[in-house]
């Protein structure tokens, strides 16, 4: 049974005071008009949602609770008032117009700039970027013992090293400032070769035994060849550029044909291997003694064995299926092969949809697989014969033109024009584009042969139209 304290807790009344201390509840405790007034006074002022406005939109505009923090940092404390600059309470650091000297200059020039007063007397901050190249210095004795060269005098070598220190080994500038009137005219490669040769000699002479040497090496011959090749590349004529682009295109075509031919040969090898494997398996199956198995175990064997030509679907775990579905050709067999397969079955007098018994399904699938394999082998054989014939004609044409290194032989075809040897006028040799030998071969399709014949006929018509 509920006590007075439970009732007070449910009604949210105060603690045990007056009558409540004795455990009894009075009418005043239940009504409690003072508490209701305090609740009303404590309620905050709310705004009513306007009519026609959705609750979600109104919740975005107004909320009884505090607004959510913004996604981007912002300063909304000032409202629409002009925001004043928040300056620090510290004093401004004084600046001073003071002189300075640049350590990179040797003439002692004086400059002025603004700088903080606390930094007076410090070094110029950009002096640390004054990096110079360490050019070796040699003595008269070292030059006579190790650095003497008949092609270079001592004065010319000193002049080279002086310019190297002044211009930080910028050899193009050194070559421009070189005194060609007093000394022999030198190229940039000659100056580099002499400088690095002396550096390597001094490094070997001054090296401490047992230390790893970092000897600078400069190949002047390689540099000269590189510049010569770049100059030739730059001085190419538009005809040479076009011929080079044509040769690159022909090279890409030859490489593509080579890859296609290799792929075809691999496919052909797979077909031959598959045919041999299938024939060997069937010989083994015929020699093996057949044992009669119970009906249950016979149903457990795979419905269709894996064949070389066509891989039929396996319905081992597909539930209840019709046996005729096992004879359905997979989608991987193209329409062209399907039509050829049907034509071969009609020529053999075999029904296209025989009665789907267990033995007939197995044998019918094997027959169609062998027929597809035979069809692919015939196609590969025809392609090889076409390629062989095309290469034979090309070899004969090149032999008649004398491209293969031997004398030009007259054509063996009928007609008066074919009996005469090929005569070429001086200066009008065969087009280099027409004499390119494709050692790989063209694509093995009759369409490519038709395209080549049409292209050759059009080129001959163009030559005939020229005056």
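Residue numbers in this text run from 1 along the chain shown.
Each Cβ is built from the backbone N, Cα and C atoms, and glycine gets one as well.
Of 409, 445, the one with phosphothreonine in Swiss-Prot is 445, while the others lack that note in the record, though it may still apply to them.
Residue annotated by Swiss-Prot as SUMO2 cross-link (from the set 192, 214, 253, 311): 214. Among the candidates 265, 448, 454, the residue that Swiss-Prot annotates as phosphoserine is 448. Residue ranges 1-48, 49-96 are listed, and Swiss-Prot annotates 1-48 among them as region 'Disordered'.
Within the set 123-173, 225-275, the record from Swiss-Prot flags 225-275 under the feature coiled coil.
Around residue 214 (SUMO2 cross-link), a 10 Å sphere centred on its CB holds 7 further CB atoms from the protein chains shown.
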